[in-house]
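What TrEMBL annotates here:
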TRANSMEM  B:12-32  transmembrane segment
TRANSMEM  B:38-57  transmembrane segment
TRANSMEM  B:64-83  transmembrane segment
TRANSMEM  B:89-110  transmembrane segment
TRANSMEM  B:122-142  transmembrane segment
TRANSMEM  B:185-203  transmembrane segment
TRANSMEM  B:232-253  transmembrane segment
TRANSMEM  B:265-281  transmembrane segment
TRANSMEM  B:286-304  transmembrane segment
TRANSMEM  B:316-334  transmembrane segment
């Protein structure tokens, strides 16, 4: 690690010196920058590491900054951080990756002052219609579609009941409440029992502690009531440390997490030891989880996406922004070219579709949502 | 010790609790189960509340800098897990290490608080707040080797939550667990908790302990009697910090995860509310008040969410939780300044 940084620094220094000598070649190849905004490492590892990795891959292009740790109380700082990125004359694209709401005003401001900068979200969760209006390209996982696929998957796994844990500030979000409605509808169609539980709110009270403590107490109660053939879904990522931990004890099912990824909750709860070389090796990680699941007698009862959605979407967004800048003719509105681009750059077959903010309303042209085939451990 | 007098907050809380229990009974919630959990919750949070007592009694105010001690405890826990110590050996090593770290941190913290005499509460709050970003850097950079603790992708820095499952999860909860029908009484945990209460009570009976109380009651008088005020306050603050460190170890073993980064900040408001609900006014605190307050507050937390979910008004619990936590602190502050004026 230290060596790479040293080499990188030497290289940067050398590049600086060389460009100072009047070598215009380097200046010609890289004349633009992409600003990437993510939460901090402790808030959201995947997004942070992905951006850091991409900054290492394209050191002259990607400029990575982080949002304040205490996002909800320091939203003004977050907004000024984003808008200040636009002050760099070389800045050609700004990508905001946060999975929280309240950052749209920043992108709106960028769009007003520097309309030539490509703005992209991967994702933020403000009102989709407004996002479509003010942001050039919106990327996200297909939340509403997943409402259906998760319920179907749980049904295939043999679940009789679906329990949906959420809290008021999440349920007030359009996407989350629509996904919930879709999940409920599908569950009812498939003849599964639907249970909704509201937890203490981590965004208004004393953080995630009371919410997780409540889950610890409530999950065994619910499983005693509804039996082991129950699928539990929670809308907030930190919930999964407790949900998966309880799943290993109480033997209920978790078809998919809210942000499907092998890196969240599974390594913590299962105590996985991942060596540095295996850091980006998803197959190895999935295999380790499968082994631990089998040891707990949970084969076929836990699931997720083969690679983290929270790595895929940010990585894809950065590659897409690069492509859009380098090849202005690239048709970023066409679903086929988006699907093809995913296969070409990241090697994963995915399905993009356009988001429909309301069930019978028109689709939003620049709001692309993605679904990846999920796996069972 | 003056006779314990029940005050308005306790009356309100007790009535509220009775209503909740009544509702739980009417809604056919499993009361025995809830009772079992309430016992665990009392002891799990209890030590953190006890940690407030020495400082209050020494006249150094309510310990709003509780995160300082919690951080010491977390350090102890992390080092134990790094060396993969399991079972009682692991748990007691973590306690021992926590005590060592907390003594050092408490000493620094005490020196600082002695410099800002009279404004300990606000200073404590900010010392706690400023420790957090500092420790965030520490947690991401510290070179621990146990890969179960490290981030999955980067391979550097501690995860926000570290599972204690392979080490000493629920070790106190399950120690000498007595089952009478469906009622589960964690005798071992109760004994451990009682021991801490007893030691704290004994401390207050020693010469230093009595000097602490005297300092809290009338500093000028104590100084004239030849008590080294700064030293006594320092001892009380160190003791408070050490108890906070032990408190987080007890909390974590029960909860199942070590919680790093911003989590210590979520711990001190509920603890402070608990001791105030118990009847302390932030001038003098008794162990009984800490235990009663913790039980009342935690049981309300425990009961309110399932009940609210049953009667389909889940949003109300959040409002009630914040209302109780903060208004009790406000009440105590008002009550205290009222008393000071009347003196």
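Yeah, the Cβs are placed from backbone N, Cα and C, and that goes for glycine too.
Automated prediction, rather than curation, is the source of TrEMBL annotations.
Bear in mind that the values here come from a model prediction, so they are computed numbers and not experimental data.
Residues 43-55, 57-60, 63, 66, 68-70, 72-74, 76-77, 91, 94-95, 98-99, 101-103, 105-107, 109-111, 113-114, 164, 168-173, 192-193, 196, 200, 203, 208, 211-212, 215, 222, 259, 264, 267 of the same chain, all 6+ positions outside the transmembrane segment (B:232-253), place their C-beta atoms under 8 angstroms from a C-beta of that stretch. Nonlocal intrachain contacts for the transmembrane segment (B:12-32), taken as residues 6+ away from its ends with a CB within less than 8 angstroms of a stretch CB, comprise 181-183, 277, 296-297, 299-300, 303-304, 306-307, 310-311, 324. For the transmembrane segment (B:38-57), the partner stretch with the highest count of Cβ pairs under 8 angstroms, out of B:64-83, B:122-142, B:286-304, B:316-334, is B:286-304.
Taking residue pairs at least 6 apart in sequence, the transmembrane segment (B:265-281) and the transmembrane segment (B:64-83) share three or more C-beta contacts under 8 angstroms. With a threshold of 8 Å between CB atoms, the same-chain residues lying at least 6 positions outside the transmembrane segment (B:265-281) that come near it are 4-7, 9-10, 13, 45, 48-49, 51-53, 56, 62-64, 66-67, 70, 128-129, 132, 248, 251, 288-294, 296-298, 324-326, 328-329, 331-332, 335-336, 339.
Long-range Cβ contacts of the transmembrane segment (B:185-203) within its own chain (Cβ-Cβ under 8 Å, at least 6 residues beyond either end) map to 39-40, 42-43, 46-47, 50, 53-54, 172-179, 209, 239, 243, 246, 250, 287, 291. Within the chain, the transmembrane segment (B:316-334) has long-range Cβ neighbours (under 8 A, six or more residues past its boundaries) at 9, 13, 269-270, 272-273, 276-277, 280-282, 297, 300-301, 304-305, 308.
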